[in-house]
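K.L.:
In case it helps, TrEMBL gives these features for our protein:
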- Lys10: active site (ACT_SITE)
- 70-148: domain 'GHMP kinase N-terminal' (DOMAIN)
- Pro98, Val99, Ala100, Gly101, Gly102, Met103, Ala104, Gly105, Gly106, Ser107, Ala108: ATP binding site (BINDING)
- Asp140: active site (ACT_SITE)
- 206-272: domain 'GHMP kinase C-terminal' (DOMAIN)
Amino acid sequence: MSITVRGAAKINLHLGVGRVREDGFHPLDTVYQAIGIHDDLTVATADALSLLTHVADHIDPASVPDGDDNIVLRAARLLAARTGAPATGAFVVRKDIPVAGGMAGGSADAAAALVAHDRLHDLHTPDDVLLALAAELGSDIPFSLVGGTARGVGRGELVTPVEDRGAWWWVAVPSTVGLSTPVVYRHFDVLHPDAPEVPASAEPLLAALASGEPVRLARALHNDLQEPAIDLRPELGDLIVRGEAEGALRGMVSGSGPTVVFLCESAEGARETALGLAGSGEEVVLTATGPVAGAHVLTPV
Ligand code: ATP
């Protein structure tokens, strides 16, 4: 038997970051959206646990760890340990989501691995258990299960779907060199030692989403990690200026970066912005709509 599960990239439409806590984590108020850039994960019945990764041309194969360091195998092992299911399955991942780009590609794979391993072994794990295991593996992974558009609080792992009346057009420009999430958070702490304990509220962004109006959403986009990311990589600021000059309504660093996303007015607007950025030398320019589904089975079981 083999099963294919699709996982989606995420962007943060709002990322409010509060002052770092004693335990080292930052309280977040964030709004995630799953967008149409995907990794597909197939798992087949096997006697042992194994993993093969194929990457799209724009991804450096060396950037994706193999073996036990890959989050796919960690997810399968965790589900097996907690349910008593066998830790077996031959996994193959086809990656299109930029790596270490702030688009949660690893989280998409982990969510897909939980769903695929559950189906392969016919476990019928309840949703709340899958969500708890996802949160143990990483703060973005519960959202990768849920997909669509959702608010995340706590460390971002407590997710609730929100009203979203738009079909939004995005252009994403990943960087060939990743930007480590912990480094960006540490730089946020340096720049903002007196950040408020309570992160900036996502409420204004939620109102814009419910309106379905791109111009209103563009105005409401907010990312507290953009300033530290641009301070570490000033070229990201230049890229935002260029994309907006090419017609995007608004450019923004995605999560902790270095991927930059641009909200566009329409399909035509996204095409023009993407063409303009490609013409000005950007090697990889991806166009996607959102929201899309979270981790879901593509093949019939
Ligand atoms: P986030 O937005 O959640 O911070 P990200 O997009 O910045 O995530 P990922 O692509 O998820 O980053 O990868 C972060 C690191 O995780 C990579 O540098 C890589 O070493 C490791 N990793 C482990 N498994 C995977 C996987 N299946 N795909 C990509 N990276 C993985």
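Residue numbers in this text run from 1 along the chain shown.
Just so it is clear, glycine is given a Cβ too, placed from its N, Cα and C backbone atoms.
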K.L.:
I need the least crowded one of these binding-site residues (Ala100, Ala104, Ala108), counting other C-beta atoms within 10 angstroms of each C-beta.
P.N.:
Ala100
K.L.:
DSSP on Pro98 (ATP binding site), three-state: which is it?
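P.N.:
Reduced to three states, the DSSP call for Pro98 (ATP binding site) is coil.
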K.L.:
At the Cα level, what's the spacing in Å between Ala100 (ATP binding site) and Lys10 (active site), rounded?
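P.N.:
That comes out at 12 Å between the alpha carbons.
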K.L.:
Determine which residues of this chain, when Pro98, Val99, Ala100, Gly101, Gly102, Met103, Ala104, Gly105, Gly106, Ser107, Ala108 are set aside, have a Cβ within 8 Å of the centroid of the ATP site's Cβ atoms, and list them as they appear in the sequence.
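P.N.:
For the ATP site the neighbour list reads Ala9, Ile97, Thr259.
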K.L.:
List those of the recorded positions Lys10, Pro98, Ala100, Gly102, Ala108, Asp140 whose Cβ lies under 6 Å from any atom of ligand 1, in sequence order, or write none if there are none.
P.N.:
Ala100, Gly102, Asp140
K.L.:
Write out how many residues of the domain 'GHMP kinase C-terminal' (206-272) are helix, how many strand and how many coil, based on DSSP.
P.N.:
37 helix, 11 strand, 19 coil
K.L.:
Would you identify the secondary structure of Ala104 (ATP binding site) according to DSSP, in three states?
P.N.:
coil
K.L.:
Kindly report the helix/strand/coil residue split of the domain 'GHMP kinase N-terminal' (70-148) according to DSSP, in that order.
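P.N.:
With helix first, then strand, then coil, the domain 'GHMP kinase N-terminal' (70-148) has 46 helix, 8 strand, 25 coil.
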K.L.:
When you measure from the Cβ of Lys10 (active site), which residues in the chain that are at least 6 apart have a Cβ under 8 Å away?
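P.N.:
When sequence neighbours closer than 6 are ignored, Lys10 (active site) has Tyr32, Gln33, Ala34, Ile35, Met103, Ala104, Ser107, Ala108, Asp140, Phe143, Ser144, Gly255 within Cβ distance under 8 Å.
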